[in-house]
């Protein structure tokens, strides 16, 4: 049976080998491959030859019919000679790849090999070069390495810091390529989005120095007052000795400090006891790296041989007319290889060709410079990730302490920020000659240059809370107002660019950029803010609600007309005059309406006229006494009784509705809450708003179902809540959406304001702190204790409920009383009647005087006519009496001696006598002959 299995296996292997040979024949791929080596010693050259020889017998790496040959040279300190030797001894033998180690002396030999080979895209595998410059593929286009660059130690730093829960550090690095590279990689890795946002490491300060230090005291003095006590350092051995010397002199290597360094600094002669450093495993084992490099190369050629056509490499450095395209493919195949069980561990490469998954030892410096491994950083086959294992109980910390330091210094004086938001914070501006009251705290407003712009005094709920916190957890503080008067909003810079990031403004920005230590204000806890700052447990729970002004009842000048509609009033007016007209007609044409009634005084009463009928109709409607002008006929009186009944019903209905409209009616809120259709419907003429960049604004951004409403609100949003609430009071804004605590307080202050609907978006107010702040837990515990001891309840009663919110509720239960605002129209109507009466009486007086003057003129004319007529009659009679006597005288023979003048002397004429016409003939009778 076993014999059959062996025969079958041999057949399958022969089939596979035959298939491989056929593939190679199809592509005409080479059957032998030359591998070059630039090594540092003869022992390494010998090991290189032996490894290549043994490789030819490993079927898993080398198919049958394929043979590897080695060509190696020793490293020359002179980079020019190294480049010439590469061209002559390696490229001249058509090598497919070059394995290079670090030179014994000089720093440019690996670069010379990389430049020379890279020109023809011949892959170069470094086994000891760890400079970050070799990661730049623009310069070293075909360079790979089985050792990681120094900057990869930042990955270990991040895991160690998170293991010890050190979230704030100070980085010290040289200004060379490796120093800047390790800082960049540390910042990128520590802020990776794949990690928990609550465990991001924050770099408090960065100290960059030029290599070749003489003194480092000034730089250390600057950071001695920093909060972080964890130092990460990348420096050469020489520079590290200078830094350790000055740090020891400044007592910065004592208990409470933590120093973590890279491999070069770990070898400093004066490395302090308690130092933690990293050391790459197998970093100096050149033979192990040579073996892994050869096996990785063989694996890449094996995979490439089955799927790609392989061309021979260049054979002469003088012929630069063509580029070896196979070299590019081979570089990519090598970069994709991985060895699970390599001599140096798990071997793999990143996109830059740098070794990943390299193993490190965590080294602890003891007395007399002894280095003890207290942990390791290695690749876990189970999780297929790097894993950190530490023996914390074996670590000796700075100052020979056996307990892990806190890693930070807790400051005793904090810079606290707040913002004016009644009733939590009241800000009162003061001048030089004014002082704050005992319940107030000075809270200046600083401008952009950190100069005091204005001085204020602050009091309120949050100010008292700050006092309680400072006493409970023992810190001092300096209080200031928000620089821009806002809670804080994030602005996304370079939105279209791949490096877009959020920049915060307001209070949040001051905390994020470490210009403040704490925020004690009505600061809403939400996910956007919690990503960048730390929050305590809520000191007050609240939600979002809507503030609006109570719908005012109609209190115009015609409020008394509200009980009836306009149509009904018109019909009543028309009915009065129609009934009056019908009464007049009935009484006029009734046979019993025009008879005369004899009064006591002997006068007679006329029948009902139209004016009296209208007066009667209005008198009945308005319930006034009717003295005269009542209907006499039976038919008219029946209509009058019906009209009186109609008037009684109308007046009673008006009185009842007037009470309902002006006294008992209570306004209701316009909105039912956030789900009111008028808020959701953007076509409605309803203005609503909130504060720009506030937590409420962020809430509406998150809610997809409120997106239409948010787009409408966005154009109306205010810069602060004070202005919005004032506009609600003035009627300019119909609905203001804000925190329930503030709006309920405003509604209690002004009974004309009311909150609508139920709370939504429930959250809480918390104290804001920096990420990783040592005060976070202390503040949270203090606030929980305040809740249990009743301090929070007393603050609520003192600042929020002190204006007695029940006043408005009591007013709601009592009926309204009519005031001048409601009945002003009635008084104006009376005033109009008075003015109308005065105007009419003036018209009547003027008209009467005009009539009197007209009558006088007529009377004078009549008197004048009567006098003239009387005079004429007298003259006629006188003439009639004189003429007969003249005739008798003539008949008796008398001669006319003269004439008698009939002209009346003007002076003797009375003024009221009519003038005698001048054209009357003057006649003067001669009376001389008369004898008395």
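Any Cβ shown, glycine's included, is placed from N, Cα and C.
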Among 748-772, 773-797, 798-822, 823-847, TrEMBL lists transmembrane segment at 823-847
According to TrEMBL, transmembrane segment applies to one of these ranges: 638-664, 665-691, 692-718, 854-880. Which one is it? 638-664
If TrEMBL is the reference, give me the range from 549-567, 568-586, 587-605 marked as transmembrane segment. 568-586
Given the L-glutamate site 522, 524, 529, 739, its other Cβ neighbours within 8 Å of the Cβ centroid, in chain order, are 487, 523, 525, 526, 694, 695, 763, 765
Cα distance, residue 671 (site 'Crucial to convey clamshell closure to channel opening') to residue 739 (L-glutamate binding site), nearest Å? 17
Number of Cβ atoms other than its own within 10 Å, given for residue 524 (L-glutamate binding site): 23
In all the protein chains shown, the tally of other Cβ atoms within 10 Å of the Cβ of residue 739 (L-glutamate binding site) is 27
Under 8 Å Cβ-Cβ from residue 671 (site 'Crucial to convey clamshell closure to channel opening'), six or more apart in the same chain: what's there? 546, 548, 678, 679, 735, 756, 757
CB neighbours within 10 A of residue 529 (L-glutamate binding site), counting all protein chains shown, number 25
Around the C-beta of residue 522 (L-glutamate binding site), how many further C-beta atoms are within 10 angstroms, looking at every protein chain? 25
Looking only at the domain 'Ionotropic glutamate receptor L-glutamate and glycine-binding' (445-513), what are its DSSP counts of helix, strand and coil residues? 20 helix, 24 strand, 25 coil
